[in-house]
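Residues or ranges marked as D-ribulose 5-phosphate binding site in Swiss-Prot: 38, 39, 43, 151, 152, 153, 154, 155, 175. The Mg(2+) 1 binding site annotation in Swiss-Prot covers 39 and is backed by sequence analysis. For 39, 154, the entry in Swiss-Prot reads Mg(2+) 2 binding site, with the evidence type sequence analysis. Annotation source Swiss-Prot lists site 'Essential for catalytic activity' at 137, 175, citing sequence analysis.
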């Protein structure tokens with residue numbers, strides 16, 4: 001990727017990652033771009049621990065509509081969330097589990113507030129299987145152990161960023177789309193970030209940062 005396009009968000013990987021971590025600490029979303037030879041998409045990501053209905057509404061409005069909760073394998077086991085399919089043959093091995101809904105405190109489960117309730121229920125320290133109904137309108141994703149050093153996906157990036165910011169290892173993500181329904185690529189993501197004041201980084205930035213700091 002042409003790094004000059006990212007210069008407004010930091011001149012180095014270190015700067016961009018630190019800006020993103022600070023944004024997370026302040027409860028603000030960040031935009032993460034993956035490799036051009038992978039999905040070549042940008043996801044808007046919020047810490048699951050602090051996401052608000054207003055932020056969820058922005059994900060729904062400007063994203064693909066598939067709002068995902070990225071969590072660790074340990075959390076999936078705690079909630080007894082099996083894979084969505086027995087044999088995952090998707091190109092990037094995206095690890096969807098069965099979809100979920102909070103068992104209490106929601107109506108249809110579709111609204112921004114209901115989806116936030118479902119997320120907060122799922123990441124609660126003492127959350128158990130019976131706190132959730134299946135299927136639902138939130139799509140959990142199981143992050144690979146080792147984060148972006150193991151798999152260079154938005155799922156792992158969101159969990160890594162949450163951990164680096166001092167939050168529970170859980171992030172909420174959605175792919176950003178253009179007005180015509182096509183997927184937003186780097187130039188559109190940069191313009192979107194400037195319009196709404198988001199930080200931007202790449203998964204490669206995060207890999208470089210983790211390797212440099214051995215974290």
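From the backbone N, Cα and C atoms, a Cβ is placed for every residue, glycine too.
It should be emphasised that the depicted structure is a prediction, and the values quoted were computed from it without experimental measurement.
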Residue 137 (site 'Essential for catalytic activity') and residue 175 (D-ribulose 5-phosphate binding site), Cα-Cα, nearest whole angstrom: 16
Neighbour-count leader, CB within 10 A, recorded positions: 137, 152, 154: 154
Candidate with sparsest Cβ neighbourhood (10 Å radius) among 43, 175, the listed binding-site residues: 175
Residue 137 (site 'Essential for catalytic activity') versus residue 43 (D-ribulose 5-phosphate binding site) - Cα distance in angstrom: 18
DSSP-derived class (H/G/I helix, E/B strand, else coil) of residue 137 (site 'Essential for catalytic activity'): strand
Cα-Cα distance linking residue 152 (D-ribulose 5-phosphate binding site) and residue 137 (site 'Essential for catalytic activity'), given in Å to the nearest integer: 25
